[in-house]
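Feature list (source: Swiss-Prot):
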BINDING   ARG23, GLU80, LYS120, LYS454  (6S)-5-formyl-5,6,7,8-tetrahydrofolate binding site
BINDING   ASN226, THR245, ILE247, THR250  K(+) binding site
BINDING   226-231, 245-251, 270-273, 335-338  GTP binding site
BINDING   SER230, THR251  Mg(2+) binding site
DOMAIN    216-377  domain 'TrmE-type G'
Amino acid sequence: MSDNDTIVAQATPPGRGGVGILRISGFKAREVAETVLGKLPKPRYADYLPFKDADGSVLDQGIALWFPGPNSFTGEDVLELQGHGGPVILDLLLKRILTIPGLRIARPGEFSERAFLNDKLDLAQAEAIADLIDASSEQAARSALNSLQGAFSARVNHLVEALTHLRIYVEAAIDFPDEEIDFLSDGKIEAQLNDVIADLDAVRAEARQGSLLREGMKVVIAGRPNAGKSSLLNALAGREAAIVTDIAGTTRDVLREHIHIDGMPLHIIDTAGLREASDEVERIGIERAWQEIEQADRVLFMVDGTTTDAVDPAEIWPEFIARLPAKLPITVVRNKADITGETLGMSEVNGHALIRLSAKTGEGVDVLRNHLKQSMGFDTNMEGGFLARRRHLQALEQAAEHLQQGKAQLLGAWAGELLAEELRLAQQNLSEITGEFTSDDLLGRIFSSFCIGK
């Protein structure tokens, strides 16, 4: 297998459909056109032609599109054959194309990878293609499209350019120490560095919003049996996702629901009631519940308001609180307010949010929705926002750390050489986002998660 091979793959989802598309990219795409179509179509024009087998019989007929490189998605010669979407027809056409020497099936994401390697896209834009396909809401799709059009990359490139100018200034100060003006201590470098840090902080804030929009928040509902966990899951989901009975231990496995709150993806997980297991099946369910709790972004500690007047989680169930991960945020949810007559709404107890509601009637559930949105700092007015991945956040955080360390070196010891090194490392972190500086292993992991025909 060679990166110089001509590749082919189905660009439409498998299964039956009105249209099925095969995409070919590479130097032999021209030969495929002449062999299967009998001619080379006019560049960038839709040509209605028969698709022929080796013996001249017609396999299908449809639209052929010819994009000579470098003016194509991949930067190579690209041919698209748009025929009928029957799997048998597409398979016959694919087999016909693969009889031509030098062609092979594309790896997942290989078309996008070639576009990146041929400078048609940077890495953040290439990732945005997969994010656009996987978008689960209108807002996520719009933000992914912004990233694909270069909004995120432009912000990162602006930071890289600013760091380049700053590095030049710092290197000049190091190389010419005998000048009358001490460039390291005259305040100009510090001012420029502060500007870059402020710009980076703004991009980090937007990237966190973009990551929330892409990744969502994982919320686990946990508590004792019959506290109303499944009823709350149903209330948040807006449908009967979980079976609800008065029998303790009805939920024995993990139940998952994916919803949106004003565009923010929310992964709600209902777990088995936590208690001493009565049998092996329940024991496994409780074990899985704890696994989900340990991986959660937030835990909704569900309390049956008819069983206790306490509101402090450490008082209600100290053993449960003691077992939770140290920095895991907790929201105490006192359920069954329709029975206890408690005042609906949100308050605070010992640093934890406390919400009183009725999962059965739905009263107070909107308060919980707003709380979840606010607790993650999600901004519903993300005009012009972009999507971000965890690796992007890590690169931005590392760049910010290097800039802060560089500032400390500048102000503490006027150490120009150390500042210059921190600036270089910050620039390297930012360049990883767009792929200007990255490893082959990282590229392999990113593009292998794409669709075959992308």
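Cβ from N, Cα, C; glycine included.
Structure with Swiss-Prot features highlighted.
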residue: ARG23; record: (6S)-5-formyl-5,6,7,8-tetrahydrofolate binding site; Cβ within 10 Å: 24
residue: GLU80; record: (6S)-5-formyl-5,6,7,8-tetrahydrofolate binding site; Cβ within 10 Å: 21
residue: LYS120; record: (6S)-5-formyl-5,6,7,8-tetrahydrofolate binding site; Cβ within 10 Å: 19
residue: ASN226; record: K(+) binding site; Cβ within 10 Å: 21
residue: LYS229; record: GTP binding site; Cβ within 10 Å: 31
residue: SER230; record: Mg(2+) binding site; Cβ within 10 Å: 24
residue: LYS336; record: GTP binding site; Cβ within 10 Å: 21
Of the binding-site residues listed as ARG23, GLU80, LYS120, ASN226, SER230, the one whose CA lies nearest the CA of LYS336 (GTP binding site): ASN226
Rounded to the nearest Å - Cα separation of LYS120 ((6S)-5-formyl-5,6,7,8-tetrahydrofolate binding site) and LYS229 (GTP binding site): 50
For ASN226 (K(+) binding site): DSSP state (helix, strand, coil): coil
Within the predicted model, mean pLDDT of the domain 'TrmE-type G' (216-377): 83
Mapped DSSP class for ARG23 ((6S)-5-formyl-5,6,7,8-tetrahydrofolate binding site), helix or strand or coil: strand
Three-state secondary structure, GLU80 ((6S)-5-formyl-5,6,7,8-tetrahydrofolate binding site) (per DSSP): strand
